[in-house]
């Protein structure tokens with residue numbers, strides 16, 4: 001009987017540990033842990049500000065009503081609201097972005113290494129999609145209209161494209177206080193120092209002149 005109890009307790013402990021290991025961000029152990037951005041302490045996240053120094057502004061941000069500047073090569077702009085903007089998001093495991101798209105604007109293929117994303121179209125129409133991991137690389141795509149919602153699974157390559165002659169706006173929630181973003185083209189062709197040409201030419205099966213031309217765009 002005692003052995004059975006121990007085995008059951010061990011199984012429950014393993015399940016609890018497994019659940020904790022899969023969380024996007026560490027769970028907080030108090031009401032809040034407002035980020036102390038001046039602290040020299042480096043942890044997985046940010047050190048906590050002393051509770052007596054916390055003020056209401058630590059949980060507040062204003063600005064998502066302002067459209068982002070889409071006059072760039074991609075024709076899109078992301079306004080982030082994460083722990084860098086709201087210190088009170090520290091340890092909370094959530095953040096937000098507003099994305100503006102010019103006519104035919106693109107939020108290019110990218111990943112969030114630490115976050116799932118759920119996007120809602122506020123204005124306009126978006127062609128969105130994501131690609132699964134190797135070896136299938138299956139492409140899921142959908143045209144979204146105002147009020148539609150779409151989920152991009154954590155870590156998978158995804159994009160949004162405004163395929164209309166009018167602008168579009170979306171808002172997205174992410175399951176991390178600091179989801180990170182890796183834009184594929186920038187990472188591969190805009191890296192500093194550059195990835196050696198022998199690697200990129202072999203990876204993409206193209207001539208060096210093609211790689212040189214693409215790198216020049218970044």
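Indices start at 1 and increase along the chain as displayed.
Using N, Cα and C of the backbone, Cβ positions are placed for all residues, glycine too.
Feature annotations, courtesy of TrEMBL:
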- 1-23: signal peptide (SIGNAL)
- 33-48: disulfide bond (DISULFID)
- 107, 112, 117: oxalate binding site (BINDING)
- 110, 112, 117, 158: Mn(2+) binding site (BINDING)
Compute the mean position of the Cβ atoms of 110, 112, 117, 158, which form the recorded Mn(2+) site, and then list in sequence order the other residues of that chain whose Cβ is within 8 Å of it.
111, 115, 130, 152, 156, 157, 179, 181
What subset of the recorded positions 33, 48, 158 lies within 10 angstroms of residue 107 (oxalate binding site), using C-alpha positions?
158
Between residue 117 (oxalate binding site) and residue 33 (disulfide bond), find the distance joining the two CA atoms and give it rounded to the nearest Å.
23
In sequence order, the recorded positions (33, 48, 158) whose C-alpha falls within 10 A of residue 112 (oxalate binding site):
158
What's the most sparsely packed of the binding-site residues 110, 112, 158, counting other C-beta atoms within 10 A?
110
Compute the centroid of the Cβ atoms of 107, 112, 117, then list the same-chain residues not in that set whose Cβ lies within 8 Å of it, in sequence order, for the oxalate site.
97, 110, 111, 115, 119, 152, 158, 172, 174, 179, 181
How many whole Å apart are the CA atoms of residue 110 (Mn(2+) binding site) and residue 33 (disulfide bond)?
30
I'd like the number of other C-beta atoms within 10 A of the C-beta of residue 48 (disulfide bond), please.
21
